[in-house]
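Right, one structure below, let's go through it.
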Number of protein chains: 2
Amino acid sequence: MTTWLDVPADHPFGVTNLPYGVFSIDGSAPRVGTRIGDHVLDLGPCAEKAGMESYAVWSAPTLNPFLALGRHAWSSAREWVTELLTNPARRDCVEPHLVPVESATMHLPFDVADYVDFYASEHHATNVGRLFRPDSEPLTPNWKHLPIGYHGRAGTVVVSGTAITRPSGQRKPPTEESPVFGASARLDIEAELGFVVGGATSLGSPVPVADADDHLFGVVLLNDWSARDLQAWEYVPLGPFLGKSFATSISPWVVTMEALRAARVPLPGQTDPRPLPYLQGEDTADGAGTAYGLDITYEVEWNGTVVSRPPYRSMYWSPTQMVAHMTVNGATLRSGDLFGSGTISGPDKDQRGSFLELSWGGREPVTLDDGSQRTFLEDGDTVVLRATAPGPGGTTISLGECRGTIGPAVHPQA
Amino acid sequence: MTTWLDVPADHPFGVTNLPYGVFSIDGSAPRVGTRIGDHVLDLGPCAEKAGMESYAVWSAPTLNPFLALGRHAWSSAREWVTELLTNPARRDCVEPHLVPVESATMHLPFDVADYVDFYASEHHATNVGRLFRPDSEPLTPNWKHLPIGYHGRAGTVVVSGTAITRPSGQRKPPTEESPVFGASARLDIEAELGFVVGGATSLGSPVPVADADDHLFGVVLLNDWSARDLQAWEYVPLGPFLGKSFATSISPWVVTMEALRAARVPLPGQTDPRPLPYLQGEDTADGAGTAYGLDITYEVEWNGTVVSRPPYRSMYWSPTQMVAHMTVNGATLRSGDLFGSGTISGPDKDQRGSFLELSWGGREPVTLDDGSQRTFLEDGDTVVLRATAPGPGGTTISLGECRGTIGPAVHPQA
């Protein structure tokens, strides 16, 4: 498939990608666009000119109205946009609405309804278990029976590039009798994928694994910034709270599950134990099954040095299993729900998706290309997450990037 | 203060209460009303007739636009409504917009932004610790240093009267080697107050205890329905998820913090240990301090039998401390945020706010007035929460009721 635009066939935002985002130019109203090569296509006016009234949702300042339309509408829209960009007769409809990507300001692509974070990497959960609970089995007894998840703060999900203020709070160093207040001294990242949900369900209507794709719109890169010292002191017995709730960054371009169709792979294994029937997938013609993994290549860059390449295909649980689990108790899905995969860590040391793991609890510093050493984040540090995946027709598609720079704490003592 | 309406001075929804809710009549558009006696006053058209354009927010289908206006607007609105209802010259402005309460359908009063649940009763946390972790100290080491909280599912907060479907999911009975799937056999309630937040803050702007009242709009009764068997299996290490996320019921009338001014009391004690400075309150003229408790009398009715009277004044942490804690890491507040107090349990057995505690883990059945016995909820059971508080001028004001009836599981096996 080739486009009539001047976009090389191997461009990571070629015509087989077509992610959705929300952009503005020079303070204009934010609206929905897709990225093609080094341009953003302003979809609303383009659809209006073509008489496609059904796409008025693209003039909204968020993707939520489009997310609400559901799977059938998403597929039709992708077909229509693909036709625009591959049929030279559509040139007049498209060209006036192309904006150079460097002049577009990207916004949070959707209003986050509920934000859930899972914990789906066996390597990550094992590493963290060893570090946080050294006297216990690293994996809790439930870990291989269900995708463990918990709710996070939807209101502090921010778009890539938003400054991250170092959080303050309570922590209890092992040397202290009582907790002390101050800026987090163990500020970390978690490199994840975020799955974007569309098509609401009603109370008491679980979504089976095989139907989960009806509600999976697409994927963003997600950095679940984590203050490990706050988290370690607060998280027993009800889970992480302030150690996570100060900010979660996501990439601005939502790459659709359709664009990621060729990236589906079988999960690495769920044989011992087999999950309960409601979590089991079925076979599919592509061999990946309805409980599929994703062959997404990921990299974590710290102040310009790539410090890790976590392989998403090593994740234990499928996003479709996460949907089935999240709704099996009758809980609803809403358009705009976001769920994170949990930190992506592979089996090797240079595949770990958090600095807690990379520095083994702060005991083994990481050396950056400039010769400096790091355990946790310092003020002024910048982290960039990037990822690519096999796209349709042998292409490679980009998931863009998710970037954040750490600013100093607002009130380090109180 | 007396009203010209035919409402007895001791009516629990007298002119000193004036809660806000969202109602409709015969399928009309939902809009904001206040309750006076046995009527709902349709505030939008009443304000329009009086030329109060600033109250157009009351024609919205949720309280969110009103919540966004902040403390000063809430106070002015209360003054204005009070004047309407106490000045007989305003009769013509009010009477056409009174609706009998029995003909009004009540809706969820606001779109819930983030929902947080705290754990602020020492008696409840101690009881639950003994039941869930019998081999450890009942209170975790952090409990008296910070108000423990976690995020819940905002999308499944429902208004009083919504049917509650028994959730299904994984649980692991002690007699089984592996988890089994099925309908929850230990379905419970948690009797709480829910605090409704208004006036958004920006990232990195903690709200001190003394300023928290600027963001506390009012209070609802909250039933945090809990499937104890699902919860016990899933909650280590990241906290409750499906055991809670199927439904949380709230009462339809939001009683304002202004109406509850006379209910403020000192907290029962935070001397051993003293909390860190950011959680400490300051003295106030009323003796309650900025970290105040609330003298709210609560009752839990199970199929017509009052089985418990949890005293809110026994709660360890103040709602203002919860706001300060929740934002100390720089997290924002949004209009429509809701946070629960956690189960209210007093020191006595008949003051426990959950059936887990009342039946001591299911070992001591509760006998209802009809002679039947209960440990956890059975299909068809109805639970009603009610509460009252001292109101302005020696009155007693009602917080209304929060009601739910249990329906059978949708798919008890899979």
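The first residue you see is number 1, and the count goes up from there.
In case you wondered, yes, glycine gets a Cβ from its N, Cα and C as well.
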Can you pick which of A:D224, A:D272 TrEMBL lists for the same Mg(2+) site as A:K244, A:T248?
A:D224
In TrEMBL, Ca(2+) binding by A:E190, A:E192, A:D224 extends, among A:D111, A:D114, A:D117, to A:D117
Please report the distance from the Cα of A:E190 (Ca(2+) binding site) to the Cα of A:Y119 (substrate binding site), rounded to the nearest angstrom.
11
In the same chain, outside A:D117, A:E190, A:E192, A:D224, whose C-beta lies within 8 angstroms of the Cβ mean position for the Ca(2+) site?
A:A191, A:L222, A:N223, A:S226, A:K244, A:T248, A:G340, A:S341, A:G342, A:T343
Taking Cβ distances under 8 Å as the criterion, give the subset of the binding-site residues A:E190, A:D224, A:Y235, A:T248 near chain B, ordered by sequence.
A:Y235
Do me a favour and check the Cα-Cα span between A:Q231 (substrate binding site) and A:K244 (Mg(2+) binding site); whole Å is fine.
7
Just to verify a number: CA distance, A:E192 (Ca(2+) binding site) to A:R133 (substrate binding site), in angstrom, no decimals.
23
Of the recorded positions A:D117, A:H124, A:D224, A:T248, the one whose Cα sits nearest to the Cα of A:R133 (substrate binding site) is A:H124
When distances run from the Cα of A:Y119 (substrate binding site) to each of the binding-site residues A:D224, A:K244, A:T248, the nearest one
A:D224
Could you give me the DSSP helix, strand and coil counts for the domain 'Fumarylacetoacetase N-terminal' (A:17-109)?
49 helix, 21 strand, 23 coil
If you count the other Cβ atoms within 10 Å of each Cβ, which of the binding-site residues A:Q231, A:T248 comes out on top?
A:T248
